[in-house]
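Per TrEMBL, the features are:
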ACT_SITE  Asp231  active site, proton acceptor
ACT_SITE  Asp405  active site, nucleophile
BINDING   Asp231, Ser232, Gly233, Gly234, Phe235, Asp285, Gln328, Gly355  substrate binding site
BINDING   Cys443, Cys445, Cys448, His473  Zn(2+) binding site
REGION    386-392  region 'RNA binding'
REGION    410-414  region 'RNA binding'
TRANSMEM  122-143  transmembrane segment
Amino acid sequence: MKSEPQNPENLPENPTPSILSITSAWTFGTLMKTLASKSESVIETYRRDLEKFSSGIKKETVVIHEVAAKAESLESVDQAIDDTGSTVTEIIAQCKESIVVVEYFDSDSDITDVDGTHSNILPFHSVLCFPLLFAVSFVSMALRFEILGRFNRARAARLTLPHFLCATPLFMPVGTQGTIKGLTTHQLEDIGCQIILGNTYHLALRPTSELIDELGGLHKFMNWPRALLTDSGGFQMVSLLHLADITEEGVTFQSPVDGKPMLLTPEESIQIQNRIGADIIMALDDVVKTTITGPRIEEAMYRTLRWIDRCIAAHKRPKEQNLFGIVQGGLDPVLRDICVQGLVERNLPGYAIGGLAGGEDKDSFWRVVAQCTALLPESKPRYVMGVGYPLDIVVCSALGADMYDCVYPTRTARFGTALVPEGVLRLKHKSMADDTRPIDSTCKCMVCKKYTRAYLHCLVTKDAMGSQLLSYHNLYYMMQLSRNLHSSIIEGTFPKFVCDFLKNMFPEGDVPEWVCNAMEVAGIDISSCCIQLNSKLNIHTSSV
């Protein structure tokens, strides 16, 4: 069996059973409950072997990709293998009642197939047999990031989090207070949403992080089985600047609920997020609008680096939650370089690019993204904060980014606007009143299958149901965009996907110059759908 791309050099030393990561998003406890239906002796054998495996391994890692084994066969395998250890071939040969696929590699060798050609000895005396078809890996953080495919700077990856196995590039809708307005969590699952973003500041105010913690964490509170990300509350420094006072200690807000002052320090932000229990938590950063210039930008960048150390020290759940640092520095490439270098030295599970999508020109926007993605580690996820326009996501993905969030798809839905391959469709327009077509004939979402533009026009002008249906469609569009980005990179058709996307959005070939410049840096040829590039090419040919 051919293995999927791995990155053994970045796997940590001395993993332990307490940080077992099951990529099906099942917890270790769930696995043990499943095994409990077999026999106590089988469970004990499993525990013993897991302990021996984890204590004996150093830089090596074993990944068990597939198992279709009866748990009862574990004891017979155990008897057949002596304490000195066995090779992969010997283990599989002696596991006659099971189909066990094991891949064994270390930092100095490529991943090998299970054909017996690898000479290393497994550091445990019993094969681990699971009655489940799930992949299991041993890692030191609550995150595993595996790049499955590339095209130049663009990459498609598998992001394993405690509650869900995600495919990147991915878009995360924003549920400020633990909910996406107008949609249930069941609907979000149907759409294909992988991660929901919650807002630390607002959740701390109401219903309070203490209550969420008492009720079992935000996942249980909102009945969401997949992954969650909480921001730090830092963005409110910009959005609620008239209510905020920023000092080295933290940021003091005037509560919009009761008017009382609320001090949010790096430590308090992390403590709140630890109680909320999201899969990914964000460090508190000093956020400044990108349109601001001068010494305030430098001050914010260095303060962000000082605050990250306080966040790391305050983080009490590193085996369950992943702390991401945020790159600041405005539009200054020197400050961005300093911030990236400082964060990378902290060896965090992932990194975000912050301080963008706030009014800066698009040429500056993509250049900052390109600069940061080029400097951030290949082996860690890269998250561009506040990006939600489909065009921006395609460009950033081409430049090597992996994750995005924004209120745009749901906010624009509440204004009666639907996302379509051509851009947007304004359903409040009077021309929609008698249009019997769906929003998008190529879309497979529930809204496009069941409702006409005319019906939605009637709803969005008179009924809240209209914004709910448009939110459903818009998020489906964003999830499908994410899926298409992922699959096209995997299949090696990413340039075609980009060109088709741009042809739909700019049928006259008037692709914005900033997009053309960004794609040139990304190594994507879009000359077939861009008038500007064709003109330049013709001029060059004529001069020759």
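Glycine residues also receive a Cβ, built from the backbone N, Cα and C atoms like all the rest.
A quick note: this is a predicted structure, and the numbers were derived from the prediction, not measured.
Sequence features annotated in TrEMBL and their locations in the structure.
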residue: Asp231; record: active site, proton acceptor; Cβ neighbours (10 Å): 32
residue: Ser232; record: substrate binding site; Cβ neighbours (10 Å): 29
residue: Gly233; record: substrate binding site; Cβ neighbours (10 Å): 28
residue: Phe235; record: substrate binding site; Cβ neighbours (10 Å): 20
residue: Asp285; record: substrate binding site; Cβ neighbours (10 Å): 31
residue: Gly355; record: substrate binding site; Cβ neighbours (10 Å): 33
residue: Asp405; record: active site, nucleophile; Cβ neighbours (10 Å): 23
residue: Cys443; record: Zn(2+) binding site; Cβ neighbours (10 Å): 19
residue: Cys445; record: Zn(2+) binding site; Cβ neighbours (10 Å): 21
residue: Cys448; record: Zn(2+) binding site; Cβ neighbours (10 Å): 23
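For the region 'RNA binding' (386-392), the list of distant contacts is 171, 235, 354, 356-358, 365, 404-409, 419, 477-478, 481, 501, 505, 515: same-chain residues at least six beyond its ends, Cβ to Cβ under 8 Å.
Around Gly234 (substrate binding site), the same-chain residues six or more apart in sequence whose CB sits under 8 Å from its CB are Val251, Ser269, Met282, Leu284, Asp285, Asp286, Val287, Ile326, Gly354, listed in sequence order. Reduced to three states, the DSSP call for His473 (Zn(2+) binding site) is helix. Phe235 (substrate binding site) sits 32 Å from Cys445 (Zn(2+) binding site), taking the C-alpha atoms as the reference points. Under DSSP, the residues of the region 'RNA binding' (410-414) split into helix, strand and coil as follows: 5 helix, 0 strand, 0 coil. A C-beta separation below 8 Å, combined with a sequence spacing of at least six in one chain, links His473 (Zn(2+) binding site) to Ala413, Ala418, Leu419, Ile439, Asp440, Cys443, Cys445, Val447, Cys448. You'll find the Cα of Gly355 (substrate binding site) roughly 13 Å from the Cα of Asp231 (active site, proton acceptor).
Each residue contributes its Cα atom, and for the residue listed as 'active site, proton acceptor' and Asp405 (active site, nucleophile) those atoms are 11 Å apart. Calculated from their C-alpha atoms, the gap between Asp405 (active site, nucleophile) and Ser232 (substrate binding site) amounts to 14 Å.
Residue annotation for substrate gives Asp231, Ser232, Gly233, Gly234, Phe235, Asp285, Gln328, Gly355. The furthest Cα pair among them is separated by 15 Å. In the three-state DSSP reading, Asp405 (active site, nucleophile) counts as strand. In the three-state DSSP assignment, the secondary structure recorded for Ser232 (substrate binding site) is coil. Other C-beta atoms found within 10 angstroms of the C-beta of Gln328 (substrate binding site) number 30, with every protein chain shown included.
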